[in-house]
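This report refers to the structure that appears directly beneath it.
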Amino acid sequence: MKLWMESHLIVPETRPSPRMMSNQTLVTEFILQGFSEHPEYRVFLFSCFLFLYSGALTGNVLITLAITFNPGLHAPMYFFLLNLATMDIICTSSIMPKALASLVSEESSISYGGCMAQLYFLTWAASSELLLLTVMAYDRYAAICHPLHYSSMMSKVFCSGLATAVWLLCAVNTAIHTGLMLRLDFCGPNVIIHFFCEVPPLLLLSCSSTYVNGVMIVLADAFYGIVNFLMTIASYGFIVSSILKVKTAWGRQKAFSTCSSHLTVVCMYYTAVFYAYISPVSGYSAGKSKLAGLLYTVLSPTLNPLIYTLRNKEVKAALRKLFPFFRN
């Protein structure tokens, strides 16, 4: 889940009285502003989004198939990579079909139910990615810092339990946030200043009290953002310390190469999120929010397969074995 650091935007405001609300019509659909302020770039944006979405689906599906059907890739690192690829597919597929359709038809409305569904699946996949990146950092820590005990530390049962816990924990957390969103009333306006439905802009449109939602957002920020980030930093602190103790340059390079791909993905993901969502109130920008949304929902799922496979001989060998056209 992306860090909901825009919770600082949810400021106290005067809510309509029940009598006033009785004379208002509740919103049944929302308008996604998207990139409508730049209609001259519509064809260009559609082409770019279609290319990136196709690349994200193709890359992640190939990784999923390669790991699933190759027994040599059933190690913990690849098991977690399989889960990450699945999350990437869900994350980008929850928003890109609607975004592409809006660019083609210029029809940017989304039903209330569709918005809530999009919110649920996007938040579920994105929050699961944050937790999984932390789990993958621990896996690299175990492999580099405790190589002799790696097989016992990262047993099949333990890895399966971690992956299941990530999916279930994020599903429950997302259900809570979505449930709290469903209890709110939306009386208008109904324009979401983004190209997909997300929590903070929706809260700003609500004509109900959003206090409980705000509290839950702060708690989610603390866990998904701060705690996970610190745990990842701690894991890499131990990893770097262990690598520096290796006497030969070749040994240090080999040790670092086993975690360089994951470190690249972690830096890319957190940079995109922190860029837009950790900032003072006066520094908030809808443009920054849209850019960050593109980075972690479109660009990241597209680049992840490339980052994890370009320097991974095992994955490339599995792809060549599974798909003959890769041999050339």
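Glycine is treated like the rest: Cβ placed from N, Cα and C.
Under the heading topological domain 'Extracellular', Swiss-Prot lists 1-43 (among others), citing sequence analysis as support.
Sequence annotations record features per position, and here Swiss-Prot assigns N-linked glycosylation site to ASN23 based on sequence analysis.
Residues or ranges marked as transmembrane segment in Swiss-Prot: 44-64 (among others).
Residues 78-79, 81-82, 85, 314-315, 318-319, 321-322 of the same chain sit 6 or more residues outside the topological domain 'Cytoplasmic' (65-72) yet have a Cβ under 8 Å from a Cβ within it. The topological domain 'Cytoplasmic' annotation in Swiss-Prot covers 65-72 (among others), and the record cites sequence analysis as its basis.
Here the transmembrane segment (73-93) has Cβ contacts under 8 Å with residues 53, 56-57, 60-61, 63-64, 66-67, 121-122, 124-126, 128-129, 132-133, 135-136, 139-140, 143, 154, 159, 163, 166-167, 296-298, 300-302, 304-305, 308, 314-315, 318 of the same chain, all six or more residues outside its ends. As annotated by Swiss-Prot, transmembrane segment applies to 73-93 (among others).
The topological domain 'Extracellular' annotation in Swiss-Prot covers 94-117 (among others). Secondary structure of the topological domain 'Extracellular' (94-117) per DSSP (helix as H, G, I; strand as E, B; remaining residues coil): 16 helix, 3 strand, 5 coil.
For CYS115-CYS207, the entry in Swiss-Prot reads disulfide bond. According to DSSP, CYS207 (disulfide bond) sits in a coil region rather than a helix or strand. Other C-beta atoms found within 10 angstroms of the C-beta of CYS207 (disulfide bond) number 18, with every protein chain shown included.
Tertiary neighbourhood of the transmembrane segment (118-138): same-chain residues 1-2, 77, 80-81, 83-84, 87-88, 90-91, 94-95, 98, 110, 162-163, 166-167, 169-171, 173-175, 177-178, 181, 196-199, 202, 220, 224-225, 228, 231-232, 235-236, 262, 265-266, 269, 296-297, selected by CB-CB distance under 8 Å and a gap of 6+ residues from either end. Feature annotation from Swiss-Prot assigns transmembrane segment to 118-138 (among others); the stated evidence is sequence analysis.
The topological domain 'Cytoplasmic' feature in Swiss-Prot is assigned to 139-157 (among others). Sorting the topological domain 'Cytoplasmic' (139-157) by DSSP state (H, G, I as helix; E, B as strand; all else coil) yields 16 helix, 0 strand, 3 coil.
Feature annotation from Swiss-Prot assigns transmembrane segment to 158-178 (among others); the stated evidence is sequence analysis.
As annotated by Swiss-Prot, topological domain 'Extracellular' applies to 179-215 (among others), with the evidence given as sequence analysis.
Residues or ranges marked as transmembrane segment in Swiss-Prot (evidence: sequence analysis): 216-235 (among others).
Taken from Swiss-Prot, the feature topological domain 'Cytoplasmic' applies to 236-255 (among others), supported by sequence analysis. Same-chain neighbours of the topological domain 'Cytoplasmic' (236-255): 137, 140-141, 144-145, 263, counting only residues six or more beyond its ends whose CB sits under 8 Å from a CB of the stretch.
Per Swiss-Prot, transmembrane segment is recorded for 256-276 (among others).
What Swiss-Prot records for 277-289 (among others) is topological domain 'Extracellular'. Looking at the topological domain 'Extracellular' (277-289) alone, the prediction's average pLDDT is 57.
As annotated by Swiss-Prot, transmembrane segment applies to 290-310 (among others).
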Sequence-remote partners of the transmembrane segment (44-64) [C-beta within less than 8 Å, at least six residues beyond its ends]: 35, 38, 81-82, 85-86, 88-89, 92-93, 96, 99-100, 103-104, 298-299, 301-302, 304-306, 308-309, 315, 319, 323
Neighbour tally for CYS115 (disulfide bond), based on other Cβ positions within 10 Å of its Cβ: 24
Contact set, same chain, for the transmembrane segment (158-178): CB under 8 Å, 6 or more residues outside the stretch: 1, 76, 79-80, 83, 116, 119-120, 123-124, 127-128, 131-132, 135, 199, 213, 216-217, 220
Secondary structure content of the topological domain 'Cytoplasmic' (65-72), with strand meaning DSSP E or B: 6 helix, 0 strand, 2 coil
